[in-house]
Structures are given as C-alpha cells and as structure tokens.
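So the structure is just underneath, and the comments pick up after that.
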Amino acid sequence: MSGMTTATVAARPATRPAVLILLGPPGAGKGTQARMLEERFGLVQLSTGDLLRAAVAQGTEAGRAAKAVMEAGGLVSDEIVLAILRDRMAAPDVARGVILDGFPRTDVQAAALDDLLCEAGQEVTAAIALVVDDEAMIARVAGRYTCAGCGEGYHDSFKVPARAGVCDRCGGTAFRRRADDTAETAGARLAAYHAQTAPLIAYYEGRGVLQRIDAMGTIDEIGADLADIVSRVSA
Ligand code: AP5
C-alpha cells in the first residue's frame, strides 16, 4: 500500500487509554475499519451515526429532531450530537480506549472533545484521515448494506458474505439498507463533509497528531496500514 502516512504523533503515557479519531467522507470506510480495529485491539468503536440512528429508531426527542436532517444529508446540531456523545463517553467500557467514527465533524465538536478529554486527564492520541476520491465514495455508499442482527457491514460488489444471504459474523439472514444511502443524499453528505469536517484535518495536523492514509485500496490493505499506526501510537 501507499506508505503515505505522515506526521509525528506525540508521545503519550502508556497508562492512558487511546483516543483515536477516524476522519473521512461518507463511504471512506470509517465504520468498516473501526470494527476491524475494535476486534484486533480491544478498543471501543464509538460512531455518532450509529448512536443517532439508534435514537431515531427509539423515537427519543433527540432522534425525532435528527431524523429529517440525517435523511437530507446534513449535519445534526452540535448540541444534540454532543449530548449523545457525552452520555456514551461516560460508559465504563470506554476506559479500554476508543475509536471515534464520524466524530468530531465540526470545529465546535472538536473543541468540546478536547474539553471532555482534558477533564478526564486525556488527549487525542491520533487523528487518522482516510484520503479518498469523491466519485468512488458514491459507489461505496450506494452499494452498502448491513446485517440487521449484529450490524456487520457489507457491499454489493466490494464485500459480500462468504455464503450468499448469511452474515459471516452472526449467521443472521436479515439485512438492511440506510435511508440516506442514495446517490442524491450521498452528494449532500459529501458537501457537508468538505464544508464542515475536512477543515479538522488541518486542526489536528497543527496539533501534531494527524496521520494520513490512502484509503483507495482494498479493505485489507487499508486495515493493515491502520493497524500499523494504531500499534505504533498505542505502544
Ligand atoms: P455516519 O453514520 O457517520 O455516516 P458517514 O460519515 O456518512 O459515513 P458512512 O457510515 O456513510 O461511511 P463510512 O466511512 O463509515 O464507510 P463504511 O465503512 O460504511 O453519519 C450519518 C449521518 O448522521 C450524517 O450524515 C449526519 O446527518 C449524522 N451525524 C453523524 N455523526 C454526526 C456528527 N458528529 N455531527 C453531526 N451529524 C452527525 O463503508 C461504506 C461501504 O463501502 C460499505 O459497504 C463497505 O463495505 C465498503 N467499503 C469500505 N471500505 C472499502 C474499500 N476500501 N473498498 C471498497 N469498498 C469499501
């Protein structure tokens, strides 16, 4: 693979749990890679998209407010996202270390994360930017589906179950597709990414914790590059 990883990651006391951020546009592979890292390193994947979809499914007040915004491909308000994130970060399993998937997405969220970590005597270990082409992202998003039982992610062309119609991970046979995984909504999500989230790459670069990965390769190639980084910064 690329070997395009850059930047020096600041040394961190070994006793602190890792706080890793995956940055990248919709379809970059954040969720796919976060689940692989979770299994390999025992870290906890924390996806604000998953937390918001759960709130929508449960019909909570936050979920009702977020639903239309998500279906249109916009960003949910910082207030709602931060309330959900704070709740999740307070859970005991987070002490194992986290992979933040889809958070932060705005400068307000990045500052709030810094404050939250500071209160806990922690800091961002590494922010990893998955670098991809916009055109390829539409194809990845449009072909995506997940297991209804365990959430394992698949793709019509790029990642199919070993046995057709049966989840590799849990054996489930029911699958679903996201309401916002249309070519039209993916365009709006990409626009939101470039306007509000991509500037965070420079923010973390200035902090000396940014790593870049060429994420146009195969899932396994990207996974190997990511594992190298995580091994290094978690050592
Ligand atoms: P969220 O759920 O975070 O969606 P997203 O950022 O748009 O990212 P995706 O889940 O679409 O993509 P991914 O990078 O995880 O790719 P994946 O691994 O699935 O957010 C949804 C919405 O919630 C947002 O639009 C917003 O409204 C709201 N929201 C969430 N967080 C928020 C926040 N912090 N602030 C405000 N609003 C927020 O891969 C995609 C597909 O490609 C899969 O099928 C996979 O199998 C395949 N694939 C993966 N890698 C590869 C590869 N290397 N080659 C080929 N195929 C691949």
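Note: Cβ is positioned from N, Cα and C throughout, glycine not excepted.
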What range among 17-46, 47-76, 167-196 does TrEMBL record as region 'NMP'?
-> 47-76
Reported as an integer number of Å, what is the Cα distance between Arg144 (ATP binding site) and Arg178 (AMP binding site)?
-> 8
At the level of the C-alpha atoms, what whole-angstrom distance separates Val76 (AMP binding site) and Gly27 (ATP binding site)?
-> 18
Count the other Cβ atoms sitting within 10 Å of the Cβ of Gly29 (ATP binding site), across every protein chain shown.
-> 24
Long-range Cβ neighbours of the domain 'Adenylate kinase active site lid' (144-180) (under 8 Å; 6 or more residues past either end) | 27, 31-32, 35, 50, 53, 70-71, 73, 186, 189, 219
Show which residues of the chain containing Cys150 (Zn(2+) binding site), separated from it by at least 6 in sequence, have their CB under 8 Å from its CB.
-> Cys167, Arg169, Cys170, Gly172
Distance between Cys147 (Zn(2+) binding site) and Arg178 (AMP binding site) at the Cα atoms, whole Å?
-> 11
